[in-house]
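Under the heading 5-phospho-alpha-D-ribose 1-diphosphate binding site, Swiss-Prot lists Arg107, Asp135, Pro136, Met137, Leu138, Ala139, Thr140, Gly141, Lys142, Thr143, Asp204. Look at Swiss-Prot and you will find Ile198, Gly203, Asp204, Ala205 tagged as uracil binding site, backed by sequence analysis.
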Amino acid sequence: MVAAVRVIGGETPLARYVLKVLRDRTTGFPEFRRYVRIAGSILAVYIAGELGWVEEEVETPLGAKAKELAPAGPVYLVGILGASLPMVEGFASMMPEARIALVAARRVEEPGRLKIEVYYSRLPRMFDGPAVVLDPMLATGKTVAEAVRLARDRGASKVVIGSIIASRQGVEYISSLYGDTPIYTLALDPELDENYFIVPGLGDAGDRALGVEP
């Protein structure tokens with residue numbers, strides 16, 4: 001099964017404008033961080049359709065009744081540290097009730113291959129609802145795949161992936177493992193370079209969003 005990929009940049013000019021700002025090498029980190037946050041909010045609008053909702057009746061200030069929607073239960077945002085921090089914030093601004101979990105991983109490069117080592121996670125013992133894995137750059141897909149595995153192993157009722165830019169290679173890797181996991185991204189770029197950066201991409205999202213180069 002091939003994962004369903006929805007490229008939001010093809011659906012709204014606002015996403016393309018956000019991408020323009022983020023891709024521009026002259027964008028400074030305060031503005032970059034701000035637009036990563038906006039990208040998270042845009043993703044929330046689209047990913048919301050994947051989550052469970054129930055109809056609830058409320059009374060308006062005029063004493064009239066109206067039926068609208070509310071989350072069917074807890075929703076978890078699983079952020080990949082650290083560039084995802086403003087992205088998670090943007091998503092949570094649209095769904096303030098969302099619970100936030102974190103996963104941190106490092107690359108371990110070996111001759112001929114790349115491995116991912118998770119060195120920190122703050123996850124519920126068991127998920128009692130859907131999980132949205134958020135990572136600005138879905139490059140090789142290995143870190144995101146590990147976060148998906150952790151969420152599924154802990155009982156997430158559904159897992160959805162949100163990114164700002166995804167590579168075709170990363171999407172194919174996710175599909176090979178979790179073909180039933182939908183992927184939402186503002187852009188789908190064609191390739192990775194020798195350092196596993198997405199091309200054309202936007203550079204190192206972590207350095208640019210946090211303003212600190214390790």
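Numbers run from 1 along the shown chain.
Quick reminder: no glycine exception, Cβ is built from N, Cα and C everywhere.
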From Ile198, Gly203, Ala205: binding-site residues whose CA lies within 10 A of Pro136 (5-phospho-alpha-D-ribose 1-diphosphate binding site): Ala205
Long-range Cβ environment of Gly203 (uracil binding site), under 8 Å and at least 6 residues apart: Arg25, Phe197
Secondary structure at Asp204 (5-phospho-alpha-D-ribose 1-diphosphate binding site), reduced by DSSP to three states: coil
Proximal residue to Ala205 (uracil binding site) among binding-site residues Arg107, Leu138, Thr140, Lys142 (C-alpha distance): Leu138
Separation of alpha carbons, Leu138 (5-phospho-alpha-D-ribose 1-diphosphate binding site) and Ile198 (uracil binding site) (Å): 8
Arg107, Lys142 as binding-site residues, winner by CB count within 10 A: Lys142
Largest inter-residue Cα distance among Arg107, Asp135, Pro136, Met137, Leu138, Ala139, Thr140, Gly141, Lys142, Thr143, Asp204 [record-listed 5-phospho-alpha-D-ribose 1-diphosphate binders, Å]: 17
Which same-chain residues, if any, lie at least 6 apart from Asp204 (5-phospho-alpha-D-ribose 1-diphosphate binding site) yet have Cβ under 8 Å of it: Phe197
